[in-house]
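**Q** Annotations per TrEMBL:
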| type | residues | note |
| --- | --- | --- |
| BINDING | A:M41, A:G197 | substrate binding site |
| BINDING | A:R117, A:T170 | ATP binding site |
Amino acid sequence: MLREMLENVRIKSPLIHNITNYVTVNDCANILLACGGNPIMADDIGEAEEITSVCDGLNINIGTLNQRTIPAMLAAGKRANTLGHPVVLDPVGAGASKLRTETALTLLKEVKFSVIRGNMSEIKTLASGSGSTRGVDAGILDRVTKENLGQAVAFAKEFSCKTGAVIAITGAIDIVSDQEKAFCIYNGHPDMSRVTGTGCQLSAMTAAYAAANPDTALTAAAASVCAMGLCGEIARSRMSAEDGNASYRNYIIDAVFHLTGENLEKGAKYEMR
Amino acid sequence: MLREMLENVRIKSPLIHNITNYVTVNDCANILLACGGNPIMADDIGEAEEITSVCDGLNINIGTLNQRTIPAMLAAGKRANTLGHPVVLDPVGAGASKLRTETALTLLKEVKFSVIRGNMSEIKTLASGSGSTRGVDAGILDRVTKENLGQAVAFAKEFSCKTGAVIAITGAIDIVSDQEKAFCIYNGHPDMSRVTGTGCQLSAMTAAYAAANPDTALTAAAASVCAMGLCGEIARSRMSAEDGNASYRNYIIDAVFHLTGENLEKGAKYEMR
Amino acid sequence: MLREMLENVRIKSPLIHNITNYVTVNDCANILLACGGNPIMADDIGEAEEITSVCDGLNINIGTLNQRTIPAMLAAGKRANTLGHPVVLDPVGAGASKLRTETALTLLKEVKFSVIRGNMSEIKTLASGSGSTRGVDAGILDRVTKENLGQAVAFAKEFSCKTGAVIAITGAIDIVSDQEKAFCIYNGHPDMSRVTGTGCQLSAMTAAYAAANPDTALTAAAASVCAMGLCGEIARSRMSAEDGNASYRNYIIDAVFHLTGENLEKGAKYEMR
């Protein structure tokens, strides 16, 4: 099942428009090439809609957000909606500043997203701001554990109902959920958090998976999350005693480059809830 | 012949002003250092002319183009022309949006370029828009092959006549041409297209080669294109079974770091047309 | 003594706000993660103060300076001062353009810096412009050597008196000085200058060291400079015959990832003046 998701990316080679931060943009481009997709980066309002139109999917990432690119995000997002292209939102740092929180909420209001991927803190910020009368359940910790997994899954399903998007909450345990079903994913390695941009890279790759698998957004997003975590494991096992986070960064992308559908199917560790 | 081009870069260590995209800018800086040049990046209209004045060459790349930097490109280009510094144009994505196409055409009109380097699709866009009465020959494929090489060379020579620039069209076969003579270059490896920014890097390096060899622009550009392709081959042969496009990126720059004039002369594969 | 500086970074994991250039920003993020800190990049005036407020230190770097981000630098710097957070200035390219020189001088006037880190040319530009009646001593060469070291140390102490900041002048010999005492540091390798952004990375890491050691700014900055130089040596010794500046870049960050307080203490080569 996950295998087909990956293989469709390699067969269709979707072109992904990225409006993303300048910190991790090079890694986003290389991971898109590694997984079988193709990247274009364009963030000026003078070309955002046109570039989106020639692509197969759109990835909006609000890291290093600035006022010049917000209108481009909105315009590209709306155009992608009109064209039926999948759109991924990575709400980097939502909650850390009003600019990021409000921009993320505006994007949520104006654009229909296929997948929203962030950490629990970011997703809670979006859910809290989106008008839920109950607010965010204070009982949901920022760190998903085996103990609070059921609660976290319920939260993800509820936010999926509100937004219509597949919700991907990544952390020690990843949750990828639509309104009814959730993948709880156990792939990955803690050291991935010491490489900048593994989350950004995952969002970019998820846009490629969503674009190549338009009718199965949940499974596509879950396959992308499993692939990233599995590649984090493969890359970790390749590290020598002298390798640190810079080499780890390269090895993760290298592992994505070589990952096959068969190995993804075998290596994915998840349960459905 | 190619040997001297490379050795002059190492001897003169030209300082190159880059106004370039934020996706591949770090790789452009590192490849300039690898080949023996030095990079400065500056894109604000408040300093673009001044920075160009203290440099030996200018590299203008329109990836992630935005309206803030277009005036800086024009101002720096004109200043470089006044000073007699070589200017390289990399028309990334020309044809993909009006903003890029029109900006590239404006640059062509306002700035005299020493070298224009792009893929066939980008160069065709520029040639088509530059007022050719015959338009771009519809028979020229986007992919240069042995079968259509003669036609592609004729096209490159014609565009060189129009612009006065050396035209470098890179792909499976690279063409580097002035108005009379063309290098048809067979170096490189197909996997280079799975590393983001190999084209951007080549353009930056070509600016260093042009700056260090001011009287032999054609040979300088051909040497740079041969060097990049040859380093792509050397780097490819170094890859282990686990290495993917991230390691390949590093190995290509590493190979540029170690390339000698002698090895370039031996490894360059080209014919003149 | 240096050991504690490093260990405090690993224990406290300071969050560092970076307003920095887009050339080396990814490496700055990864070296902050490598040393035990955490990075946030944010340069829009709409969030700069807010982001600084949730951080432990601020790193301002004027490479690829542009008019959009100058107000954000000033606002963040002032907020950090109000909160008592350490602020590092990296005056990249001061002296190369009026925009950079004047912005650096404005920053010096409006913001109190804990550490100013640059090469001799950049620091001389700042000292010259800051109203010294004697001007910069023309006898101080741009390259610090054993012969002019005494003179260079006196210059650093004088500039520290004027600014109240620890002055870190990096080059073949590094000087890290407050008003009374200077570390003259002999770590490092000449090939570090062939990796783009080692200076930018050092400034980012120094912000983490300063934030984790608020009462010992001089020793913290010296520890960071020793650590970077030592990691340059460790990384250099790891290089194979085929490795060039791209691999070197990765190995330096990897070495920072693995550096222990004990190894820093043993490997640091400095004298006090």
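The backbone N, Cα and C atoms fix where each Cβ goes, glycine too.
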**Q** Which residues, sitting 6 or more apart from A:R117 (ATP binding site) on the same chain, put a CB under 8 Å from its CB?
**A** A:V88, A:L89, A:D90, A:A168, A:I169, A:T170, A:G199, A:L202, A:S203, A:T206, A:A221, A:V225
**Q** Once near-sequence residues are set aside, which residues in the chain of A:M41 (substrate binding site), 6 or more away, have Cβ atoms under 8 Å from its Cβ?
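**A** Long-range Cβ contacts: A:H17, A:N18, A:I19, A:T20, A:V25, A:A29.
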**Q** Can you check what DSSP calls A:R117 (ATP binding site), collapsed to helix, strand or coil?
**A** strand
**Q** Below 8 Å between Cβ atoms and chain B: which of A:M41, A:R117, A:T170, A:G197 make it? I'm asking about the binding-site residues.
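**A** Cβ contacts with chain B under 8 Å: A:M41.
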**Q** Measuring CB to CB from A:G197 (substrate binding site), give everything in the same chain under 8 Å that is also at least six residues away in sequence.
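**A** Listed in sequence order, they are A:V23, A:T24, A:D27, A:C28, A:R249.
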**Q** How many neighbouring Cβ atoms, not counting its own, are there within 10 Å of the Cβ of A:T170 (ATP binding site)?
**A** 25
